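Here's the structure we're looking at; comments come further down.
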Amino acid sequence: MASRIGLAGLAVMGQNLALNIAEKGFPISVYNRSPAKVEETVERAKAEGDLPVRGFKDAGEFVRSIQRPRCVIILVKAGAPVDQTIELLAQFMEKGDCVIDGGNEWYENTERRMEAVKAKGLLYLGMGVSGGEEGARHGPSMMPGGALEAYKLIEDVVKKVAAQVEDGPCVTFVGPGGAGNFVKMVHNGIEYGDMELIAEAYDVLKSVGGLSNKELHETFFEWNKGELESFLVEITADIFAVPDDKGGSELVDKVLDKTGMKGTGKWTVQQGAELSVAISTIATSLDLRFLSGLKDERVAASKVFKELGVGDLLKKVKVDKKELIDNVRKALYASKICSYAQGMNLIRAKSIEKGWNLNLGELARIWKGGCIIRAKFLDRIKQAYDRNPKLASLLIDPEFAKEMVERQGSWRKVVSLAIEVGVSTPGMSASLAYFDTYRRGRLPANLVQAQRDYFGSHTYERTDMNGAFHTEWYKIAKKLLGEKAATTGELHVGSKE
Ligand SMILES: NC(=O)C1=CN([C@@H]2O[C@H](COP(=O)(O)OP(=O)(O)OC[C@H]3O[C@@H](n4cnc5c(N)ncnc54)[C@H](OP(=O)(O)O)[C@@H]3O)[C@@H](O)[C@H]2O)C=CC1
Ligand SMILES: O=C(CO)[C@H](O)[C@H](O)COP(=O)(O)O
């Protein structure tokens, strides 16, 4: 009997997603470039409950083993491997069949491929999948975008395979074109932000508060019972409890402080710049990955500044641990709100640019389970956008605005304390600065505009009348201040260039 669906690419994600699909009752054919992974997957399928998985080492036999219209999920390395896999499989696919790329792909590649396969009569979906190994195996969050007609071909499968939350499966048809990949990309940008903010909370608690790994485990464990309840806080609590199997204390202390990355966070920040959307918390978390990479430089710099006395700043503070833990919890929560607000604004900006008509509330809903950023407060983010789909920013949703105001005192204390003792909290600081900038009706941007007009005749607008204005700042200042300088000798005129 023909399989309901096929999956090509049997590394971490593909292998686990294939077993998940089979376990949900959909017979599946699997294929991988290197045959060893095909055997491995089939063996796992047997061992994990005699699941209906059929392995193929020949691409043609693989495609022909699937019921028509054939749907094939591809889960290989993003970029050229996806093109090569499509080229291989498309030879055997027929009009009406559907290719679904489940990788972390650049959305424009999806749009290009969608057009390319259309010539052969094939349908195409770019479906971001989140949840890592565990999620893929037992229920990920999935973000399919492309042709609705294509989504309808796999809707029954993905709805069963996705993580299930109280208001449905964590999958939805995101939108046309590369919308699914774009949304997954921003999900990953938010993931970077969350991880950086959690790391800063850890640093403050450990470096300033002197918490042991045991205390850190207990703190994060407790936090996970409240407003911060989330997958990343949960796994952080676990990490502090894992001993080093090579001896000594906990393993986390032996992990080199250099963060790796595959690219989706960088794309998110590039898109922020492209669309003129401030995503400073997310951008800061990317910068911190760059700075973490400069391990040798940082070690050398720490010696230079220690000799000059900066390394001793920490010794000067005494903190109340309980109060610090409470303040850091509130600072982390408020910072997270800023980060999610930024990510959502980026998605909306893209949606407007591309005419995708994305539903932010529904996106928050499908992130409630299965994915890496799953968190209790996503339900409230969903509600905020359901209440007002045109909400300019999460920050001004009445519920979130109130929460930020309630936490701003603690937030400021944590950031000030960190600055005082020289422990950097760039993500929390960037979030606080974002909040403080966004909530101010008047910024010093008037001075920047005046400077631009002074040196480049770029013109400026006025607060009290319409139109573009230019002032001969230099000439006026020279005349006015030059005269004064001549008489008092106190004032000086700048130069035009
Ligand atoms: N790992 C994770 O936690 C997550 C990964 N993703 C994304 O899912 C996708 C798959 O990720 P993952 O499972 O980690 O696998 P990898 O990204 O490590 O890719 C390995 C797979 O790609 C195949 N491959 C590599 N080059 C080629 C090629 N030129 N032609 C054909 N196949 C090729 C490999 O085949 P072979 O065995 O023959 O080398 C193998 O099946 C990626 O886009 C990734 O970013 C998304 C969410 C989470
Ligand atoms: O997509 C993912 C989770 O959602 C992957 O785990 C991704 O690899 C994470 O990004 P990076 O490797 O850049 O930290």
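Keep in mind that glycine also has a Cβ here, set from the backbone N, Cα and C atoms.
No curator has checked TrEMBL annotations; they are predicted automatically.
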Determine which of HIS458, HIS470 appears in TrEMBL for the same substrate site as ASN104, SER130, GLY131, GLY132, HIS187, ASN188, TYR192, LYS262, ARG289, ARG452.
HIS458
Listed recorded positions GLY9, MET13, ASN32, SER34, LYS184, filtered to Cα within 10 Å of GLY131 (substrate binding site)
MET13
Given the recorded positions LYS184, GLU191, HIS458, state which is nearest to ALA11 (NADP(+) binding site) when distance is taken between Cα atoms.
LYS184
Among ALA11, MET13, the binding-site residues in question, whose Cβ has the most other Cβ atoms within 10 Å in this structure?
MET13
Once DSSP output is merged into helix, strand and coil, HIS187 (substrate binding site) belongs to helix
Minimum Cα separation from TYR192 (substrate binding site), reported as the residue among recorded positions MET13, ASN32, ASN104, LYS184 that achieves it
LYS184
Using a 6 Å cut-off on Cβ distance, which of the recorded positions ASN32, ASN104, LYS184, TYR192, ARG289, HIS458 come close to any atom of ligand 2?
ASN104
